[in-house]
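Peer 1: Here you go, one structure.
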Amino acid sequence: MESSEADELTKKKLLVIGGPTASGKTALSVLLARELMCPVVSYDSRQFYKEIPIVTAQPGKAELSEVPHYFIGDRSIHQPLHAAGFAELANGRLQDIFTESDYCVAVGGSGLYLKAWLEGLDDIPSTPPTIRAQVNVVFREQGLEALRSWLKSVDPEFYNQVDLNNPRRLTRALEVYLHTGKPYSAFLSRSKKRNPNFTVVYIGINPDRSELHSRIALRVEQMVANGLFEEVMPLYAFRYLPTLQTVGCKEIFDMMEGKYSCEECLEQIIIHTRQYARRQLTWYRKVPGIHWFESDPDPKSILKLID
């Protein structure tokens, strides 16, 4: 890249919106993108899949029609997109966006995917099949809760960051621990150079706790009205797919197996969503230089940060 091109690219700004689920990130991202006349790139690993728009709270038709969106409902649950693959696709998309605009808005709640995109992934050691089999036996015979308890005891730091409903990530962390004797979190980089070709501005949304709990309960209620059960129940045959190991799907599948009543199922979804929101906040609070706002911030106050 010629020097003048590189200088021009450094003027570009990526506005990253983060925070707990149900905090109003999606609506804010649309408002900001509309003001900046730029697209929205989603880094929410749950919203990639077209079969589950309701349970993953994907933007509605009205929001999608206001500004261009990328990585929303654009693939099947049978085509999982992992963090490394997303990073490659998102980098390509961002370069295309920056040929047309000085700005891009990114929004989501998947810290690992954001980190992979903007900083690259850590060099985690591979593990032998015997170790993998050992962990899989625990999962198969004792279930997801056993993996959670095990991880919490050996690596509480990663336990507070990871999606506890994702068995793939739990087993991977435990495999590394068994193989190396070190917690998985020990292999995660504390700092890396961000992409020097553009400026990243981090915005965090942090509602009052009681308000967030009310928002979560209201969201679940709205999901049911929009057809949550009708969306998830036909996917029962695919319940073991990694793409369906998400809050909302697992509880409904458990209900279908008689573990919960309908009312208990909804209670569990609310509880697990609160727990997920707490882990998201824990992750974002560690982002250096993030600018925090309470719920429903005035977009103008955010736009001042990128002038």
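Every residue, even glycine, has its Cβ placed from backbone N, Cα and C.
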Peer 1: Region 'Interaction with substrate tRNA' per TrEMBL: which of the ranges 44-47, 160-163, 188-191, 192-195 is that?
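Peer 2: Of 44-47, 160-163, 188-191, 192-195, TrEMBL gives region 'Interaction with substrate tRNA' for 44-47.
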Peer 1: For Ser110 (site 'Interaction with substrate tRNA'), identify the closest of the binding-site residues Pro20, Ser23, Gly24, judging by Cα separation.
Peer 2: Pro20
Peer 1: Out of Thr21, Ala22, Gly24, which of these binding-site residues is nearest Arg132 (site 'Interaction with substrate tRNA') by C-alpha distance?
Peer 2: Thr21
Peer 1: Among the binding-site residues listed here, Gly19, Pro20, Gly24, whose Cβ has the fewest other Cβ atoms inside 10 Å?
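Peer 2: Sparsest of the binding-site residues Gly19, Pro20, Gly24 by Cβ contacts within 10 Å: Gly24.
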Peer 1: Under DSSP, is Ala22 (ATP binding site) helix, strand or coil?
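Peer 2: In three-state terms, Ala22 (ATP binding site) counts as coil.
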Peer 1: Over the domain 'Guanylate kinase-like' (12-221), what is the model's average pLDDT?
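Peer 2: A mean pLDDT of 92 is what the model gives the domain 'Guanylate kinase-like' (12-221).
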